[in-house]
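Listed in Swiss-Prot:
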BINDING   30-37, 147-150, 176, 184-187  ATP binding site
ACT_SITE  37  active site, proton donor
BINDING   61, 153  (R)-pantoate binding site
BINDING   61  beta-alanine binding site
């Protein structure tokens, strides 16, 4: 595996592969890799000739009171994991290379990005869309891989790619979980032992949402309220966002029965926010399958 630090070097190295018609897969990350990231790598390697992983903690997607400086970083550890996973190229640019001067161009998908997590983190998804767009321009990949844990992000990136006619296939990969069901996340390292034990309320809340859906609850407001109440049974957990949405458009639902439903959770434990979600398939669809 080769570690590349600059945009120009990466473009030069990938040019021969592109001329030879090789498929390039791309996994953008902010580092401090876990099993979920490695699953994205495995998918890319299985489907492409060359795999590029980027590690870049993007300052544009952090708010003024968020954890940019504290975000976990360990490039040596991450590089060792990627080497063992047979990644071809690790792109680890400095902020000064990605943003040599203050950005005046911003890519925003406001209808999708200003709701749900975007309500709690104003400007976050504009920062995400801007850096992902720039990385797509740099790498020129045929396919890019994103975890479904960050479902809103995945929907936003797909829409950006469609709107901007970017020639890349966006692949969503199923959420990888710990043995107790908690979604793998770089931010899990922030949790104290007590908070880590309490965090299991998040996947359990998704189970409860599915149980209520299967029982015939049709009013989205009632279902959201029930999920909030369920999460609040854990004293250390605060539900910041509980949303039932259309999984393709993120539109609010007036009724949940008779259609697939995205249940999206944004739960705070101490200073740590955990994201999780589940798309609950319509019963009739499952029976017909």
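Each Cβ is built from the backbone N, Cα and C atoms, and glycine gets one as well.
Features recorded in Swiss-Prot, as mapped to the structure shown.
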{"residue": "30", "record": "ATP binding site", "DSSP class": "coil"}
{"residue": "36", "record": "ATP binding site", "DSSP class": "helix"}
{"residue": "61", "record": "(R)-pantoate binding site", "DSSP class": "helix"}
{"residue": "148", "record": "ATP binding site", "DSSP class": "helix"}
{"residue": "153", "record": "(R)-pantoate binding site", "DSSP class": "helix"}
{"residue": "176", "record": "ATP binding site", "DSSP class": "coil"}
{"residue": "186", "record": "ATP binding site", "DSSP class": "helix"}
If you measure from the CA of residue 37 (active site, proton donor) out to 10 Å, which binding-site residues from the list 61, 148, 153, 176 are inside that radius? 176
Have a look around residue 36 (ATP binding site) and count the other CB atoms within 10 A of its CB, chains all included. 21
Cβ neighbour count (within 10 Å, all chains shown) around residue 176 (ATP binding site): 18
Most isolated by CB count within 10 A, of the binding-site residues 61, 153, 186, is 186
Around the C-beta of residue 33 (ATP binding site), how many further C-beta atoms are within 10 angstroms, looking at every protein chain? 24
When the Cα-Cα distance from residue 153 ((R)-pantoate binding site) is computed for each of the binding-site residues 30, 33, 176, which gives the smallest value? 30
Sort out the sequence-distant neighbours of residue 30 (ATP binding site) for me: same chain, 6+ apart, CB within less than 8 Å of its CB, listed by position. 55, 56, 57, 58, 71, 186
Per residue, counting other C-beta atoms within 10 angstroms of the C-beta, which of the recorded positions 37, 148 reaches the highest number? 37
